[in-house]
Amino acid sequence: MSRLRAALTPYLLLFPGTLWLAIFFVVPTVVMLSLSLQSGDVVNGYAFTFNWHSYVDGISTYHDQIVRSLVYGLVSTVIQIVIGFPVAYWIAFKGGTRKSIYLFLLLLPFLVSFVLRTISWQFFLSDNGLLLGPLKSLGLVPQDFHILATSAAVIGGLAYNFLPFMILPMYVALERIDPRVLEAAQDLYASKAQTFLRVVLPLSLPGVFAGVLMTFVPATSDYVNASVLGGTSNTMIGNVIQNQFLVNQDYPTASALSFTLMALLLVGIFAYAKALGTEDVLEVAAR
Amino acid sequence: MTEIQAGPGAAVAAAPVSGDVPAIELDHVVKEYVSHGEVVRAVKGVSLAIAEGEFFSLLGPSGCGKTTSMRMIAGFEDPTQGVVRLHGEDVTSVPPNKRDINMVFQSYALFPHMNVWDNVAFGLKRKKVPDAEIKRRVGEILEVVDLVGREKRRPKEMSGGQQQRVALARALVNRPRALLLDEPLGALDLKLRQAMQIELKRIQREVGITFVYVTHDQSEALTMSDRIAVMNDGLVEQLAEPREIYERPASKFVAGFIGTSNLLSGTVQQITGDTAVLALGASDRILVPADGALAAGASVDLTVRPEKIKIAKDQPEGDLSVVRGTVSEVVYLGTYNSYVVRLGDGAEITVFEQNANDSTITAERGDAVWLSWQPWHSYALR
């Protein structure tokens, strides 16, 4: 009896999570996959017809938005690495006893909702807002200069909104580096720069890897930043999908685009993991 | 006490001296930290000179300043005052990567992302040694530490003893002029530690470079060292050969820290020739070599090792130190018996008796016994 219970325990523990995933992930995914292959319209109803047209039409029509989303996601991820790495490094190695305070400060803005933060960026960046207003009245930038409704605004918003998810895993990886390992490098004639390149950087790569996964995916599929900060010419695939679902009620196209995006992201992640998988990353860095 | 100058010329036979310039010199070195707004003096003025090729140990309890002293030699800490010299050259402000010495860290500090070969080759690559020579030297040193065939292993795939040897190889391959070892055997189990002690000593003899060894383990220091600096509270208490440190501890601290010691105190009754006679109780007398500093009436602390004391039921004959007491504890320890004897004034003395002849014990618990030892086996302490 007790042996049976011991055998069942792992399944019992997994049960709530499995149920959750089944209801809120597997079922909607299957429904969406089915929808993407149906034809019809919202008035006359849909029928399952193995209709690949939604994919073909969707991709050819919204090709630009798909590419733009991947580019925005990529550029914002690179910006986050460039901004986030020094922050994570500084907190991990120079934070001393105040590390947890700095981490708290980093997360403080995130007690406010994602949408509200994006809208406050809209205020901040608006044509005569907090940033540009004073600059324009001082004549430092031309009167017709604007940031909103440019790709820079969208990418900046994406980089800002996902930054902590880049910094935290990098911080964890850097924090775990034994300071004596860095001293060992110095002791073995490595300069500060060589110590960083040969030891700190390779040991932090698993954190960068995790950070990229946690920011590139949501940034690429985001639609809030593009709709709040971008104009009509900067729409991302997320906006298109949202529009197809909620405005046009073209469910097959919306579903097909969702699956296309998901497939692209999965392929991208696997290619990235293959090229820079943590084990291999370390192997390369050791040379 | 503050500064014990023990240059290569300090009559210490075991220190192999080559030339007059010490390999490593700490000259009135002080290290202060600010911790929580308070100044902490970790090292309070240490001067010592370590000869070329010497196996030198810094021994002391945790917090005595031994690791800080070593880190100043390596260059990881800047002295607040004083000068660090390597082979006569002032390196006080030279960064660690420009010092021709290497360190074996307490927890090895191997590069976790590199295999054994890359770990060992790290220093040579930074020094831009040609590839062919790196290959040869890494191969050679891996042979010395018996790690051939494990070049591709990662540190985490190896046992503690193997990691230890990688750390040693990684430092030695650079042929530094001195090797610093910070409690390198601390993480190993007893058997492996004893094997590595012998191994380290062998390697040191083979490569012939200066070893500076930091440890809190007195037996480790006694086993391997040519000379030992016993440190306490940021100062060197005694700097001498192991035998000297054990047989003639310079202070109460050293006597207590190294091995088992009996500490006694008494008043000088009279001085006869070169011997001071101390009275403890009615029939007790302790003879101590008098070095001129002792005078009648002076109160004296002295130490005597447990294995120097003879325990007997009858009063011993001769010019010996003699005390009487009652056995309060007998412990059979295999190669020897340990007695705790309570004296008339309440002090307790530990006595070791070799189990040389048979297994009979001289005295039982509660027996009245005489303890005696030769005058030169006890020392007045400062």
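Numbers run from 1 along the shown chain.
Glycine is treated like the rest: Cβ placed from N, Cα and C.
Here TrEMBL flags A:66-272 as domain 'ABC transmembrane type-1'.
With a threshold of 8 Å between CB atoms, the same-chain residues lying at least 6 positions outside the transmembrane segment (A:12-35) that come near it are 46, 48, 251-252, 255, 258-259. Residues or ranges marked as transmembrane segment by TrEMBL: A:12-35 (among others).
Beyond its flanks by at least six residues, the transmembrane segment (A:70-91) meets 99, 102-103, 106, 151, 154-156, 158-159, 162-163, 166-168, 170-171, 174, 200, 204, 207-208, 211-212, 215-217, 219-221, 226, 236, 264, 268 of its own chain at Cβ-Cβ distances under 8 Å. The transmembrane segment annotation in TrEMBL covers A:70-91 (among others).
Residues annotated as transmembrane segment in TrEMBL: A:103-125 (among others). Residues 87, 91, 131-132, 147-148, 153, 156-157, 160-161, 164, 167-168, 171, 224-225, 228-229 of the same chain lie 6+ residues outside the transmembrane segment (A:103-125) yet bring a C-beta within less than 8 angstroms of a C-beta in it.
For A:145-174 (among others), the entry in TrEMBL reads transmembrane segment.
Residues or ranges marked as transmembrane segment in TrEMBL: A:195-217 (among others).
The transmembrane segment annotation in TrEMBL covers A:254-273 (among others).
Within the chain, the transmembrane segment (A:195-217) has long-range Cβ neighbours (under 8 A, six or more residues past its boundaries) at 73-74, 76-77, 80-81, 84-85, 88-89, 162-163, 165-174, 176-177, 181-182, 185-186, 265, 268-269, 272-273, 276, 278, 281-282, 284-286.
Distant neighbours of the transmembrane segment (A:254-273): 32-33, 35-36, 54-55, 58-59, 62, 66, 69-70, 209, 212-213, 216-217, 220-221, 237, 240-241, 244-245, 248; these residues of the same chain sit at least 6 beyond its ends, with a Cβ under 8 Å from one of its Cβ atoms.
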